[in-house]
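Q: According to TrEMBL, the protein carries these features:
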| type | residues | note |
| --- | --- | --- |
| TRANSMEM | 52-73 | transmembrane segment |
| TRANSMEM | 162-179 | transmembrane segment |
| TRANSMEM | 191-207 | transmembrane segment |
| REGION | 237-288 | region 'Disordered' |
| COMPBIAS | 241-260 | compositional bias 'Low complexity' |
| COMPBIAS | 272-288 | compositional bias 'Low complexity' |
| TRANSMEM | 303-327 | transmembrane segment |
| TRANSMEM | 339-362 | transmembrane segment |
| TRANSMEM | 398-417 | transmembrane segment |
| TRANSMEM | 424-439 | transmembrane segment |
| TRANSMEM | 445-465 | transmembrane segment |
| TRANSMEM | 486-510 | transmembrane segment |
């Protein structure tokens, strides 16, 4: 009996000590708990984070528009899509019904630039047709709001070119925003903010976001495809809750579930087989898993659709990116081979039919698949090597560090610190490795890698921020070493963000520098200004544009009559303008016999017997150090002369918009230790 009493006493003492420990732990938790007033409400914090995200997206769009306004002209790589968009808009501007004349085959044959200068390989008209359709309402609105007056250097054509490029840039940024939403849904708000911030700080993709390259049209579709790829790993809003309501697994712990402790639990305790209600639970769980897999497969099929459309219509090399992605998904059994093939065939035949109908009509050839010709020319015949070859490692050692900047190393580090990112990085690495086997290399061929690397950089920064938060919540259990690591993570995250901020400023500087790469466009605008200042009366100006000028900015948008048949300036001055890019002239006298009155040329010595130089336009020739003892007064004076006075006297009055890039260059030279070095590039000549 005494032994039993002693055991009861020890048990009561043990229970009492446990209660005391629980009471002490509760007091310790209350003491260490943060004050409720320090923590902001979740609604206010969510709204603030959303405002930050919107501000970053506005900054991205504004920087894209800045690049276009500072460097409005284009180069030869963009010429086909730009000229085709011009021809479509030019024809639409003459009619009440925009596209009715396109049904007339003679109109296409007579007035479209691509039949006179077809280029090495044909390109699809699908992109220009969509771009012209989207731009046409904005052009009409611009004519109503701000008609161009006589004597203004900003012609209707040049204004239309800027609007077209802004529309294309808005399309690219919108598709990037679709991808950002998918990033936010899977990785959270902070990762989405960092993704937008990293993307905004990069120069190359944002500078080319409004340039009429086939890669830019394809990049938007690829970003939408990436968004479906990310969404395949994350349930949509409302889907998880609705599925959980239909699932028996969502019942509360207090409520008995079928096959629970009343039936299945007791049977298992006795070693008996589970009841029928327990087996039905397993069947419902299997159905829930099958439904989830069906949703994943559906989103992956949407990804296949967008990839196939971009591949068939714009860039055939995207098959090298789609292949590794589908291989990863097949290995992880998230999509079946049958569904993948059927979806790819449907999307492929549909986009091929659209391409055949559109391109066969505009190229005046039956069964014209433009991108198929490009693939055959570059991949099968191997003719792309005529434009130069580079070593196999160029993408990794030169183009990716230049294009992705800091996102390249941070994206690679994210492979180790964020397991969820590995699924997305592996196919991209395979794509770059496969493309490195081709001898001809350009950075725009792998621009589709940049969004994934930016995602990796954002996840790496998010990973650093999460670990740096340990110093905000110190605990006695944390050792000094852990606190030191938290501070290192905090410093690393801030150092990366500051470096990205420096890149953001450098991107604006690089945009100003790049504006000097288009002397042909500046020369054509300057020719218009010089001729309009002369008092020549009614006459015909016949301009010949040589290859160097045409490749560095001269386009049909820059012509005075562009967009309205007879431009307001030309019609008001009774001056007829004729432009020619005729090739094959061997003798200087042939230019005189052809009736040319003015030349834009890079070889003035060849024409000096019959033409005289009236002005020279300079182009980019490098950067030079220009370190002087400039004070703040000198810099403020330069800012006043180049920005404030110019805006008051020129921009607000609607004149001399063509000098905006030159003013930006002058401001950069005045305020920075580097000076943009230029040299004579395009000569404006007049017949003697």
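Here, residue 1 is simply the first one shown, and the rest follow in order.
Cβ atoms are placed via backbone N, Cα and C, with glycine included.
TrEMBL: automatically predicted annotations, no manual curation.
Show me how these features fit into the shown structure, please.
A: Residues 158, 161-162, 165-166, 169-170, 172-173, 176-177, 180, 184, 189, 192-193, 196-197, 199-200, 206-207, 209-210, 504, 507-508, 511-512, 514-515, 517-518, 520-522, 552-553, 555, 558, 660-661, 664 of the same chain lie 6+ residues outside the transmembrane segment (52-73) yet bring a C-beta within less than 8 angstroms of a C-beta in it.
For the transmembrane segment (162-179), the residues of the chain that approach it from at least six positions outside its boundaries are 57, 60-61, 64-65, 68-69, 72, 82, 85, 89, 131-132, 134-135, 138-139, 142, 199, 209-212, 216, 219-221, 223-224, 226-227, 230, 451, 557, judged by C-beta separation under 8 angstroms.
With a cut-off of 8 Å between Cβ atoms, the residues of this chain six or more beyond the transmembrane segment (191-207) that come close are 49, 52-53, 56-57, 59-60, 63-64, 67, 71, 176, 180-181, 183-184, 219, 402-407, 443, 447, 450-451, 454-455, 457-459, 461-462, 497, 500-501, 503-504, 506-507, 510-511, 514.
Long-range Cβ contacts of the transmembrane segment (339-362) within its own chain (Cβ-Cβ under 8 Å, at least 6 residues beyond either end) map to 84, 102, 105, 108, 112, 114, 122, 124-126, 129, 297, 300-301, 304-305, 308-309, 312-313, 326, 329-330, 368-371.
Sequence-remote contacts of a segment are chain residues at least 6 beyond its ends whose Cβ falls under 8 Å from one of its Cβ atoms, and for the transmembrane segment (398-417) they are 198, 201-205, 390, 425, 432, 441-443, 446-447, 449-450, 452-457, 459-461, 463, 496, 499-500, 503.
Note on the transmembrane segment (486-510): residues 63, 66, 197-198, 200-203, 206-207, 405-406, 410, 460-461, 464-465, 467-471, 668, 672 of its chain, located 6 or more positions outside it, place their CB under 8 angstroms from a CB of the stretch.
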Q: Same chain only, please: residues at least 6 beyond the ends of the transmembrane segment (445-465) with a C-beta under 8 Å from a C-beta of the stretch. Say none if there are none.
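A: Those are 176, 179, 183, 187-188, 190-192, 194-195, 197-199, 202, 204-205, 208, 215, 218-219, 222-223, 226, 317-318, 321, 395, 399-400, 403-404, 406-408, 410-415, 417-418, 420-421, 424-425, 428, 431-432, 435, 489-490, 492-493, 496-497, in sequence order.
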